[in-house]
């Protein structure tokens with residue numbers, strides 16, 4: 001008898017290939033149809049026409065034969081494909097009947113042993129039902145694996161794995177129930193040959209309680225390896241802290257409670273023993289992971305007064321995150337074969353690793369400060385907003401589990417809270433004034449922003465309240481921003497608007513930014529100053545100062561960026577001054593940039609212009625730093641009846657290996673009926689790295705503003721000092737503004753070097769401003785900057801030319817040359 005085996009998949013693939021081949025032939029025949037069936041005669045004679053007709057006829061005959069061949073090919077491919085489908089259907093139809101025959105035969109074989117011994121002769125044992133902790137059924141007496149134990153009910157152990165028969169592996173132990181149930185023991189391997197079953201995993205602990213122990217691995221009898229111990233269950237997560245109570249009329253918001261400690265991870269299960277004659281012991285189970293600490297409760301919000309204009313309550317501090325639970329201990333490895341180990345053919349099971357500690361809990365959200373109460377007829381001044389609450393501390397990570405024994409690794413310590421950002425709460429809003437009939441009703445100040453936790457941003461200051469319309473009250477000052485660690489300081493709150501002739505509120509200062517060991521390379525930024533409040537007919541409020549940025553880690557690569565100053569508020573009696581830029585100090589390796597000063601506000605047609613804010617200083621302490629170093633730019637003075645003065649540029653102090661850039665001074669504002677504002681001085685540049693060969697160059701000054709009566713004086717050029725090996729170059733002075741009397745030119749910046757062959761050059765004096773009237777005097781030119789050198793050439797700057805107009809201004813004096 002011959003036997004033929006048909007692979008349905010192979011037949012289907014062949015049919016598909018034939019279909020592809022047929023498509024290719026049809027495409028080729030179609031491409032050849034036009035040039036072979038439509039031939040033109042080579043000439044007009046009868047012979048040419050007969051030849052063309054003959055070849056055209058042959059082309060048409062070929063296309064007819066090709067069409068018949070394509071039809072045959074398509075029918076053949078379809079027949080082959082249907083044959084494959086028929087074979088596959090026949091096989092599918094036979095599978096249930098074959099399974100029925102198999103089950104019938106096994107049923108006949110296993111019936112006597114099931115009746116007498118309660119287990120089959122051949123076949124695997126039944127698995128325990130999930131959630132019951134039922135044991136797995138025993139495997140067949142001759143051949144069969146034990147069934148897996150069922151997972152445990154809550155708090156209960158997992159079921160034991162079923163034992164194997166003569167040949168077979170023991171069943172796996174069931175997983176312990178949630179709530180710390182231990183894992184089930186693995187089933188015993190076959191009497192003759194077979195491995196022990198693995199122990200079940202311990203159940204996860206309840207809230208704050210330990211996880212269940214991993215189940216013991218099943219042992220082999222004669223030939224076979226012991227089962228691995230089960231992994232310990234994870235400790236339960238700590239409870240979440242409760243939220244703080246809201247503030248009242250007399251009390252601040254309550255602090256949130258701390259989060260609960262996470263539960264200890266369960267111990268790993270013991271490994272099963274190897275067979276008597278041959279087999280390795282099972283490895284001990286890994287200890288369970290410690291539970292995560294609970295999140296701290298949120299701080300209570302400050303009180304928001306709605307009747308009397310009282311102070312807003314302070315936001316409550318959030319609760320600390322709970323500590324992570326300790327990791328569980330690793331399980332002991334099982335014994336290897338007693339006989340085979342004498343010949344080096346078996347080994348004891350490895351000890352299990354300790355479990356990782358649980359993650360620390362996250363701090364709760366800090367409460368925001370309450371808004372200040374609005375004024376009433378009995379208490380007309382608005383209350384100040386409350387301070388934002390500070391965030392709680394991040395919970396500590398749990399300790400790693402102990403190693404199971406020699407050669408095993410201890411578990412890693414758990415990380416601190418996953419959410420390591422702990423931002424400070426925002427300050428509350430200042431309350432508004434009340435009575436429009438009573439003058440002098442001042443609004444409340446905004447509350448200060450809360451400080452961040454170990455890593456986060458400071459809270460923003462609350463805005464000052466607005467004065468009541470119809471009166472002459474002052475706007476409330478904005479609250480200061482909170483400190484940020486590893487991030488950004490909080491922005492200052494905006495000053496409140498004044499009513500009538502009242503003064504606009506001052507903008508709050510930006511919070512300082514500091515580096516954090518949690519994120520050592522983060523960019524640190526000072527908060528921006530808040531804008532000053534506007535006034536209807538009075539003085540505009542000054543802008544707040546930008547926050548400083550400080551990095552103390554000498555290996556940090558992040559940048560330190562000072563915050564920008566806030567804008568001055570507008571007012572018909574005078575514009576507010578711009579806020580100063582924040583300083584930047586970097587002891588690390590990254591960039592260092594001072595914050596820019598804000599421009600002064602315009603005083604309009606009747607008020608003086610506000611002064612520009614000074615640029616922030618930039619200071620690099622690390623001699624290995626190669627980062628960019630830039631001083632902040634001074635803000636321009638505001639225009640008005642008398643122009644505001646420009647802010648000075650930020651100084652730079654460099655101990656690193658790059659050339660610093662000193663900040664430029666701001667231009668003076670223009671005066672419509674009075675004098676123009678003076679230009680700001682250029683920033684000073686100091687290099688005190690003894691090995692530096694870069695030039696120290698003073699910053700550019702601002703020019704004087706134009707004025708009706710007198711032009712503003714030009715700012716002094718920035719001074720340059722070099723304690724290393726490079727040159728020092730003072731900047732030229734600024735130009736005086738135009739006026740009936742021209743403004744004086746600014747003095748040129750001085751220059752000095754201390755050692756080496758570096759040269760020093762004083763800056764040229766600035767040009768005096770021109771006169772705008774007949775018979776009036778132009779501005780005097782600025783004096784040249786002095787120069788001194790320790791080893792190189794020293795050249796003082798030339799005096800600046802006087803301004804034109806009338807008799808003209810006097811030129812400035814040249815600077816003195818220092819020692820060679």
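Indices start at 1 and increase along the chain as displayed.
Note: Cβ is positioned from N, Cα and C throughout, glycine not excepted.
TrEMBL assigns the feature region 'Disordered' to residues 311-333, out of the candidate ranges 311-333, 334-356, 357-379, 380-402. Of the candidate ranges 111-141, 142-172, 173-203, 204-234, TrEMBL annotates residues 173-203 with the feature region 'Disordered'. Feature annotation (TrEMBL): of 591-620, 621-650, 651-680, the stretch labelled region 'Disordered' is 591-620. For the domain 'PE' (8-94), the predicted model reports an average pLDDT of 67. With helix defined as DSSP H, G or I and strand as E or B, the region 'Disordered' (591-620) counts 0 helix, 6 strand, 24 coil. Mapped onto DSSP helix, strand and coil, the compositional bias 'Gly residues' (496-513) counts 0 helix, 1 strand, 17 coil.
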